[in-house]
Amino acid sequence: MNNVLKWFTRDSFILPVVAIIMGLILGGVVMLIGGYNPIEAYGALFTKVFGDMYNFGEAVREMTPLIMTGLAFAFASRAGLFNIGGEGQFLVGMTAATFVGVKFAGLPIYLHAPLALIAGALFGGLWAAIAGYLKAARGVNEVISSIMLNWIGLYLANLIVRQFLLLKGENRSVDISESASISLTWLSELMGNSRVHMGTLIALVMAVLFYIYMWKTKQGYEIRAVGYNPNAAEYAGMHVNRNIVKAMFISGMLAGLGGAFQVLGVFHYQTVMSGSPGTGFDGIAVALIGLNHPFGVLLGAVLFGTLTYGSAGMSFAADVPPEIIRIVIGSIIFFIAAQGIVRWILKPFYSKRKKEKVL
Amino acid sequence: MDLLTIGQIINTTLVFATALIFASLGGIFSEKSGVTNLGLEGFMVFGAFAAGIGAHYAQEAGMGGTTSAWMGVLLAIVLGVLVSLIHAVASITFKADQIISGIVINFLAAGSTLYLVKLLFEGSGDSPLVQGFSKFDVPFLKDIPLLGEAFFKNVYPTTYLAILFVFLTYYIMFKTPFGLRLRSVGEHPSAADTVGVKVLRYRYIGVMISGALAAIGGAAITLTTTGTFSHNTVSGQGYIAIAAMIFGKWNPIGAFGAAVFFGFSQAIRNYVQLFEWSQSIPQEIIFMLPYLLTIIVLVAAVGRSSAPSALGEAYDPGKR
């Protein structure tokens, strides 16, 4: 019991919670200034997500790719890398999964779907590994190379869809074959025919694997060591460059898998896109809310997904522009990042607690 | 392909490069002072938004096209500086992670500008169309073959302003005491502090100039190419500006060159149908070419980055 209490009063728990509350309050203030009723708006937001099974299922679907891109960003961060290329890795993974899903028709379901998932993860990983390799071998800043790879990935995805997979007369690929689908019909029917899929379960498993790998294995220790202090890691005999490439590869695998989920579980085809979907960038926010910890990322994705998906209900029922949610999310990250501000606000409470201890 | 087309391509290149030049110069001011600025995209969005509504209301108030456009630029500068203070307070005073703080700016920009546009214009996602800057010809010079077509015909004042700012930035950064101090707090803040340079103050100034310049960049897009502000007015140009800054090794002239390179890549799309050889190549390959080239150039020629050495580190006087 005492341990539980200790956990809840830890800084890494209190600070994000306070940051979330402050973000919601700030969003409320902005709504008030705009002439809206924040209580009504937040009420509509939560009713949208938790009001019926269909919308709840759809919200879960919305969260799933965010978990993956969030995990991707968090993983690279642990190695001291700033993987802004989740967007491109997501798209490349998506395209690889579509390719396998369409072209490898005829495989039995227990081979086809896993193969498509593996292809998504593998190509997402390789895409990120390019940036990792360039950093390790040539010292090219991974931020700039992964921004470039985002654009290249977008056009590459479109190129492959248009050249090899195009549905005649449409601006999208043909449907993947049924055997590659990871949709869960029974769960979908249970949840009001929402598009829930197996990817959500895989995402949860990935979060657990992330935790085990990073904190319970030697390889994970090396990656963290490189992230904390590359010079010290080098001195301790670790291969810094190899760890950089490895961390980027795993990071990209996670993002690529997220892209594969979208095709295999949700849409079952891929469109020719005029711009990137933004899931990779949103994953950065999710990881930051989750303090780059896999379980934090899960909570971050739940929060982000709930707010984003619910914002549609907010605009429908209370007529509040849904963009306000970006302000809320932005301020939550702001308060988490600028912990000094939160500490400063919490100061009265902290000093009180210390006094009690003295007594 | 004739001289006329080459001239037009150069002309369009400069139009597209204008916003990138402003934003990457802004990035240089911030990063030379030691504050990472991933919020350039956000500042550009705020600038594009402010320019759209500023010019709109100035026009409503009866100002002419060009005057109202300048009012838009002015509002963009004001908003850019105000918003940059968020980044400055978080990352300089409260020592927040500078990269995260920059991302926050991008989030806030995407949310609040659209929220405000919908609030101001009864739920519409776009700001009303404004006249913006008009193109003009420079007398006499426009008649020079090729050069006239490229640099002196159908030009916007913002393009000239951007090029002027390149040299201005170079001069300020490398030839004035202010520039020296700004660079010193980005290279070795504790040494600068020892000789009496107010580290935090110079960083604040660097970030504020950065916000203003990036906002002008965003304003240039609204007031020349689109004429209106919507969610996709800026769409990633801030990230390209960051790339241009790194590509140009934090040097104004280098960043200018990189911005022109990216501007060219955008311009070439408008003309690519004119080349016969392009018919047989899928358009996506042409689209990805500039980004591919950037990576190749980075690998081949640029090599190790030359970022300011204290970039990204909060300065804590107590730790000296």
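Glycine is no exception: its Cβ is also placed from the backbone N, Cα and C atoms.
Feature annotation from TrEMBL assigns transmembrane segment to B:6-26 (among others).
Residues or ranges marked as transmembrane segment by TrEMBL: B:38-58 (among others).
Residues of the same chain lying 6 or more positions beyond the ends of the transmembrane segment (B:70-92) and with a Cβ under 8 Å from any Cβ of it are 35-37, 39, 42-43, 46-58, 63, 98, 101-102, 104-105, 108-109, 130, 132, 200, 203-204, 207-208, 210-216, 218-219, 222-223, 314-315. Positions annotated as transmembrane segment by TrEMBL: B:70-92 (among others).
Residues or ranges marked as transmembrane segment by TrEMBL: B:99-121 (among others).
Beyond its flanks by at least six residues, the transmembrane segment (B:155-174) meets 11, 14-15, 17-18, 21-22, 25, 28-29, 32, 133, 135-138, 182-183, 213, 216, 220, 223-224, 251-253, 255-256 of its own chain at Cβ-Cβ distances under 8 Å. Residues annotated as transmembrane segment in TrEMBL: B:155-174 (among others).
Residues annotated as transmembrane segment in TrEMBL: B:204-226 (among others). Among residues of the same chain six or more beyond the transmembrane segment (B:204-226), those with a C-beta under 8 A of the stretch's C-beta atoms are 15-16, 18-23, 25-27, 29-35, 37, 40, 43-52, 55, 69, 72-73, 76-77, 79-85, 87-88, 91-92, 130, 132-133, 156, 158, 161-162, 165, 182, 185-186, 233-234, 237-238, 241.
Under the heading transmembrane segment, TrEMBL lists B:238-264 (among others).
The transmembrane segment annotation in TrEMBL covers B:285-303 (among others).
Ranked by Cβ pairs under 8 Å to the transmembrane segment (B:6-26), the stretches B:38-58, B:99-121, B:238-264, B:285-303 are led by B:238-264. Per-stretch counts of Cβ pairs under 8 Å to the transmembrane segment (B:38-58) identify B:99-121 as the leading one among B:99-121, B:238-264, B:285-303.
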